[in-house]
Amino acid sequence: MLLFYCSRPFAQAHTRHLSTFSPSFATLLQDCKSLSDVRRLHQQILSRGLLHPHLPTHIVAAYLGFDSPSDALAALERHAPTTAVFWWNALIRYHVRHSNLNAALSVFRRMVTHGTRPDHFTFPFVLKACGELPSFRRGSAVHAVVCSNGFESNVFVCNALVAMYARCGVIEHARQVFDEILQRGIGDVVSWNSIVAAYVQSDEPRRALDMFAGMTVSDRSLQPDAVSLVNVLPACASLGVSLQGKQVHGFAVRCGLFSDLFVGNAIIDMYAKCRMMDEAHRVFECMECKDVVSWNAMVTGYAQSGYFSDALHLFEKMRGENIRLNVVTWSAVIAGYAQRGLGLEALDVFRQMQLSGSEPNAVTIISVLSACAAVGALLQGKETHGYVLRSLLNWNDNDNGDDLMVKNGLIDMYSKCRCASASRAMFDTVPLAERNVVTWTVLIGGYAQHGDANDALELFSQMLQDGNPKPNAFTISCALMACARLASLHFGKQIHAYVIRNRYEAAMLFVANCLIDMYSKCADIDAAQTVFDRMPERNSISWTSLMTGYGMHGCGENALRMFDGMCEAGLVPDGITFIVVLYACSHSGMVDKGIGYFNSMGKDYGVAAAVEHYACMVDLLGRAGRLDEAQELIKIMPMKPSSVVWVALLSACRTHTNVELGEYAARQLLELESENDGSYTLLSNIYANAGRWRDVARIRSLMKKTGIRKRPGCSWIQGSKGAAAFFVGDRSHPMSDQIYNVLAILIQRIKVIGYVPETSFALHDVDDEEKGYLLSEHSEKLALAFGILTTPPGAPIRITKNLRVCGDCHSAITFISKIVDHEIILRDSSRFHHFKNGSCSCGGYW
DNA sequence: TTAGGGTTAG
């Protein structure tokens, strides 16, 4: 950058006789065409001893003009104290403008060392450098220099002190300096603007608004300027106080400040953040002069207020009007798509961005990662990771937490793309002290939803032990989801206690909904109901969560009562609500009621039946043995049946032994999902039940040929001595001998009272080596035997199974519940079964 | 002095 531009060629000037008259040197310095010209001339001046007292300033100016701060500094030091303070200031300002903050502070130190007294221009630059580093220690050292040089009553310097302390996050010091300004009676508009900005930066918008209001009250001669408005409007936005925002808007119009581009943009942003897009649009239309920020504020406003199509429309318009899109525009559109789960569209926009030559930054990358996570696009996720590694050097320059957010995004992306090891590896690269609450939460959530929920709880315990950072509502929700998956009532209760002790009021609705879900899935429906009853505020998720709980426990009537209660409370049922209602009807044998709800959901509630609703109906009709109607419904459904629909039909064929229809359903299912192990198992069971052993063998060899293995059944139990998991024929448990003994005795005893093994279920297992396993070695029976061995009489035994409970086990456990002093609660992949005194709550609808 | 981003429930 040239500070002085002169068209006269240097060569021409240089050919003239070098005068001993120094002003000519000044002209020659201005005429220099390159840094080496300046150096040469400087050297000549020194060697001839022709240094005029004014020349050093020209020399420094020339060096800065050719972007050589090191030469400038050398000249300043060499000629100090001849050079004016003005040129020390110029060098400090040069470094601050180029973000070389440490260099700026170093020049300041040298200046003081060389005996040049700083002036009221020096301190604002130096304080800005301290604030931007930020370094409270150096900032307060400079404050001391301010005082020792007698500048504590200079408003220019004091305002800069306020800003510095705010940037360093020490709002109390900023406030103290501001109060001293007022006491001295030297405050100006900038002082008030600085303290308002300080509170906004410190995330105290309420106090920012108070200070703004206090401005004119304390001094009637003060009139807010454009900066005051630009400072206060974000405070209105973050508090959502649109009324005050509107007043500021009115004030801007009355005082002629509305025409200021920054003010206009801040008003749009305020309305957009208050979700008042009509107002924002009016302001946008009124603005005579707009820039890309105005457009971006509108695009993001629409995207975040749920009007994404308007955002896209505006985005297209920007392109049509050749407005130069910047990284914010692109990132906002990518984020908008990603947040709506439209990952492929987001990735497409990202491609367009790259083609346009716009350089992605950390925010863009985070949005792209979230898009990859939304659609499980591991390949693109890995590519983005590669991009991050290549760009990391650039981002580390302004280390402001972006780096950690990108890493959090990567952990989340790998988790959601079911790449647990990569996710964990990324987590492990973040040093313990640098992990924030999101770092922990994304991994805990990843394990809870896509990985091993035990790992989630282990990580959560580790987080609590470390004590820093503290879990937030997101973390708690993820941990509760893990408990729900594992049916770990014990751990779930502990987290509930933690929630009560640590007050999560701000997010209590969300957390309470998770508690309802956790208690429901841990078979403590009464506790779920209690949480629900004590909630000061409920939303439709609260109602549906409890409704699901009742549905899973076969309490269809209660579920339907919840549905009525929800409608009475003025909440509108949606698609998911009806899935839950139909599920509850299906699992309680309320076929006609289910048909009634199915028919009325569109007619009375305006909810269109989706493929999931049809699947529920096929399940409902199928369980009740109305297979023809189920088949008929599949024929007339307006969309292509999904695999869930065929699984429902196939299961019904299994229960009601309809070989022909079962074969048909299995064919359809295998066309959609050729690797679905469950469909082979179900079909093989149907054949076995019908005595068609050759077909059973055919399926078995087909599976062997295609390499499809039956997912192993696994049951686990939360006993008094901790959790224990069992696979079929499992002999790995230390108490294995005792378990098998107890089981043999139980089977013997229930045979006496009428239990007959249902041998068709023995053929679940298709591998030859598994053939020999007896029914008595099924995982749920082993878990039950272990439960009986380790649970005190009278206490309930809770078992969880990853697949559907086997029919023989269901029958055996029903008999066992007659001869033992325990209620047995079994959760399988479909619902709960409460066994007590020889009967099961499912009443056969399992 | 203005705009954009990551984690949770039925």
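Each Cβ is built from the backbone N, Cα and C atoms, and glycine gets one as well.
Annotations in TrEMBL come from automatic prediction, not curation.
What TrEMBL records for A:84-118 (among others) is repeat 'PPR'. Cβ atoms under 8 Å from those of the repeat 'PPR' (A:84-118) belong to residues 56-57, 60-61, 64, 69, 72-73, 76-77, 125-126, 128-130, 132-133, 138, 142, 145, 149, 398 of the same chain, restricted to positions at least 6 beyond its ends.
For the repeat 'PPR' (A:154-188), same-chain residues at least 6 beyond its ends with a Cβ under 8 Å from one of its own Cβ atoms are 120, 123-124, 127-128, 130-132, 134-136, 139-140, 142-143, 146, 194-195, 197-199, 201-202, 204, 218-219, 222. If you look up TrEMBL, you'll see A:154-188 (among others) marked as repeat 'PPR'.
Taking DSSP states H, G and I as helix and E and B as strand, the repeat 'PPR' (A:291-325) has 26 helix, 0 strand, 9 coil. Feature annotation from TrEMBL assigns repeat 'PPR' to A:291-325 (among others).
In the predicted structure, the repeat 'PPR' (A:326-360) carries a mean pLDDT of 90. Annotation source TrEMBL lists repeat 'PPR' at A:326-360 (among others).
Counting residues of the repeat 'PPR' (A:436-470) by DSSP class, helix then strand then coil, yields 28 helix, 0 strand, 7 coil. Residues or ranges marked as repeat 'PPR' by TrEMBL: A:436-470 (among others).
Nonlocal intrachain contacts for the repeat 'PPR' (A:539-573), taken as residues 6+ away from its ends with a CB within less than 8 angstroms of a stretch CB, comprise 509, 512-513, 516-517, 519-521, 523, 525, 528-529, 532, 580-581, 583-585, 587-590, 593, 601, 605, 607, 827, 831-832, 834, 841-843, 845. Sequence annotations record features per position, and here TrEMBL assigns repeat 'PPR' to A:539-573 (among others).
Positions annotated as repeat 'PPR' by TrEMBL: A:676-710 (among others).
Feature annotation from TrEMBL assigns domain 'DYW' to A:754-846.
Residue counts for the repeat 'PPR' (A:84-118) under DSSP (helix as H, G, I; strand as E, B; rest coil) come to 26 helix, 0 strand, 9 coil.
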